[in-house]
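Annotated features in Swiss-Prot:
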| type | residues | note |
| --- | --- | --- |
| BINDING | Asp42, His43, Gly44, Lys45, Ser46, Thr47, Asn158, Lys159, Ile160, Asp161 | GTP binding site |
| DOMAIN | 30-211 | domain 'tr-type G' |
| REGION | 1-22 | region 'Disordered' |
Amino acid sequence: MTVARNRAGAGPGKGSPISSFADKTFTDPARIRNFCIIAHIDHGKSTLADRMLQLTGVVEERQMRAQYLDRMDIERERGITIKAQNVRLPWKVGDEEFVIHLIDTPGHVDFTYEVSRALEACEGAVLLVDAAQGIEAQTLANLYLAMEKDLTIIPVLNKIDLPAADPDRYAEEIAHITGCEPGDVLRVSGKTGIGVKELLDEVVRQVPAPVGDPDGPARAMIFDSVYDAYRGVVTYVRVVDGRISPREKITMMSTGTTHDLIEVGIISPEPKASIGLGVGEVGYLITGVKDVRQSRVGDTVTAARGGATEPLVGYRDPKPMVYSGLYPLDGSDYPVLRDALDKLRLNDAALAYEPETSVALGFGFRCGFLGLLHMEITRDRLEREFGLELISTSPNVVYRVVMEDGSEHVVTNPSYWPEGKIREVYEPMVKCTIIAPSEFIGAIMELCQNRRGELGGMDYLSETRVELRYEMPMGEIMFDFFDALKSRTKGYASLDYEESGEQQADLVKVDILLQGEAVDAFSSIVHRSAAGAYGGRMTSKLRELIPRQQFEVPIQAAIGSKIISRENIRAIRKDVLAKCYGGDISRKRKLLEKQKEGKKRMKTIGRVEVPQEAFVAALSSESVGDKPKK
């Protein structure tokens, strides 16, 4: 471990030699600048961060690789940033030496919580916009987050080297939103490095230095924590007051637990141990703790002796918005799945889970996620990093059900839908912001109205781009709304959503019955108006997927005891007369009667085994017709 750490960034690179002043901690706060980059997916922030690493000389040319800060395979493969990363960079303006902390943030809507944590650790933000695409809904959401926290915003247009770039038009768009002049918008190219030097100079000039009391009790804010197999939990902190040194005892203020500080260091961009951290500095702490829940993101770290009494403000626990069941294909993998989820939780504070059993799928977990991408990525990581094969049930949101007698139930799983007289049901709502070219307004409005959306307002950002604001039930945007939106707008629309309370709705639970028995994995909660369509879709899909039996199998969709849709799987008929060559008709009749009796008995006692593939296919959103033939 240490060998690799010392070798990374050891000798000077081909460019400028690696400067030593940034490696010394306890820098004067006036010479520190903390900033993050806000951008939509694919607008080039990881590439811009790469250029900054090269320009400041902290990464040698031979060790450079694209998306240097995206450490997970899945991040590099999908080209998205999931975990917030941070790096300490040296920079000179004239003869003055500065230390810049760059905190790289995710851009996807599900990871807004990661962004809000990164923003807490900064004083400034670079608003990065693709000069060929313009501002997107997600960028706007993160920009408003940064404005709420009073960060200094530096607007920047990236990818100006592209032939399709139209910097003048988009500079006007940015100026319109941020209230600056179009001439103030910087123009850079992360790929070729044009304008990156000027951008770093602007960061030093515009972003305010961190403010804190160097002699007060130590207070540092945790903005991320990751799990390292060799060293336990590595906690990333930003020091606000006082100083933190190794070999001290520290206390986590939310849990009150005390730990020994084994190592304190900086990331530049590989971890380097240091003599401590002072006001405004960003670095990591290692306490030897094995459970990441002990170093909660957003918690305040202070000294155990003479520590602070007031924690830093600005943290909430992330609330899961989407629930889905995860089950191992092989039941014996259940303990492995439990350990895997425990380990993932070390890196992912927003993941919630509890054990559950399903008649159809066996033992598994009900997991809570921030959104669909978060769910997909968690599942991907479980399959990849732990070699598990999983089935996930269709995702659903959290409903509040009020019964006739006034009792309340919170439903995270259709199986727990209460029986009996229901007075009212409340479902979570979201505020959606959609940004798209203005020619697609009609198609977007039609889609949103079909999904029970209400138009809240509409703004033209420029003559050709429009921002639509809708209030919609979260259950409606969960499954394939984003795909439908993209296909109706030729891929140009971008979507962002935030929770906005709850609303009463006419919702029902649709059960799928096989031979009169409900299969819990297929139950779903839908709006009454869409129940017929859902029932019809599921029954016809299952008819294709369940193998034929020796007896007829009815597949029914029901609301309570009312059947709303039915399909039959025809029986396979064994030819019992094959052994009769000619012969008497009564002999044949006897065999046929016997078969009929057998079928009748089978029908009453026979059980239909639903194959795993049928579960997987039925729970995926695509229809059977779309599936490629094997």
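Backbone N, Cα and C atoms are what each Cβ position is placed from, and that goes for glycine too.
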Cβ packing number for Ser46 (GTP binding site), 10 Å threshold: 24
Annotated GTP contacts Asp42, His43, Gly44, Lys45, Ser46, Thr47, Asn158, Lys159, Ile160, Asp161, maximal Cα-Cα distance (Å, integer): 17
Cβ-based isolation winner (fewest other Cβ atoms within 10 Å) among the binding-site residues Asp42, Gly44, Ile160: Asp42
Secondary-structure category, per DSSP, in which Ser46 (GTP binding site) falls: helix
Ile160 (GTP binding site) - helix vs strand vs coil (DSSP): coil
Nonlocal neighbours by CB distance (under 8 Å) for Asn158 (GTP binding site), same chain, sequence gap 6 or more: Ala39, His43, Gly44, Lys45, Leu48, Leu128, Val129, Asp130, Ala131, Val188, Ser189, Gly190
Per-region confidence, the domain 'tr-type G' (30-211) (mean pLDDT, whole number): 75
